[in-house]
Amino acid sequence: MADGRERNDTRALRGAQLLMVAAAGGLWGAARLPWVLIRSFDGLGQPKQITLTGASWSTALLPLALLCLASAVAAMAARGWQLRVLAVVLAAVSLACGYLATSLWVARDITLRALDIAEIPLTSLLGTERRFIGAVLSLVAALAVLAAAVLLMRVAAHNTGRLTKYSAPAERRAAARDPQSGNRGGPAGSQLSERMMWDALDEGRDPTGDPENGSAEPDVEGR
């Protein structure tokens, strides 16, 4: 049962990592897509059309994508309260991505900001146009990051009080030397994992035996 729960946690962790990588890719794509089109005419030549990409309109898209990638890597080594902290960080990232995506819809007028980014005088403006594909992609990425945060919080809750497959070898050896320490974490820590049992066998100890009997006196009946 414990091994089955550990496998479920492993699948959930991998699913969260895939969601974070997918979200990073979505944010990177959104940063390259056009968000705002500006049409201008300076009176000297043909009218011009300037495209503002997501990276220009929302400069936080690329840093958030890198943060998602870094979180996917960090999730491999994190456990317990570290996973909870990582989940909270991802929830904040999801909120930021959602804000950047919805701001393109809720903003009543984007003209002044668009002119400021493109450095075009107001007298040359002919019109602006919004493109929502990048914003939709950012919103989907925000939902993916939020789902990853939920999965990490779930794994952190299950891993409380017990070692996971990502524990350091020294910690597993320590737990193998003292099997009774796993009982303090409740039913989930009542059994040694298969990996901990192999560590104990490698050190020449019986992982299923009672450690208190290790110092018992030898049998002297034959004397």
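Backbone N, Cα and C define each Cβ position, glycine as well.
Caution: TrEMBL annotation is automatic and unverified by curators.
Taken straight from TrEMBL:
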{"type": "REGION", "residues": "168-223", "note": "region 'Disordered'"}
{"type": "TRANSMEM", "residues": "12-35", "note": "transmembrane segment"}
{"type": "TRANSMEM", "residues": "55-78", "note": "transmembrane segment"}
{"type": "TRANSMEM", "residues": "85-106", "note": "transmembrane segment"}
{"type": "TRANSMEM", "residues": "132-153", "note": "transmembrane segment"}
- Per Cβ pairs under 8 Å, the stretch of 12-35, 55-78, 132-153 packing most closely against the transmembrane segment (85-106): 132-153
- Message: Checking distant contacts: for the transmembrane segment (132-153), what same-chain residues at least six beyond its ends satisfy Cβ-Cβ under 8 A?
- Response: 12-13, 15-17, 19-20, 22-24, 26-27, 29-31, 33-35, 53-54, 58, 61, 68, 71, 75, 83-84, 86-88, 90-91, 93-98, 100-102, 104-105
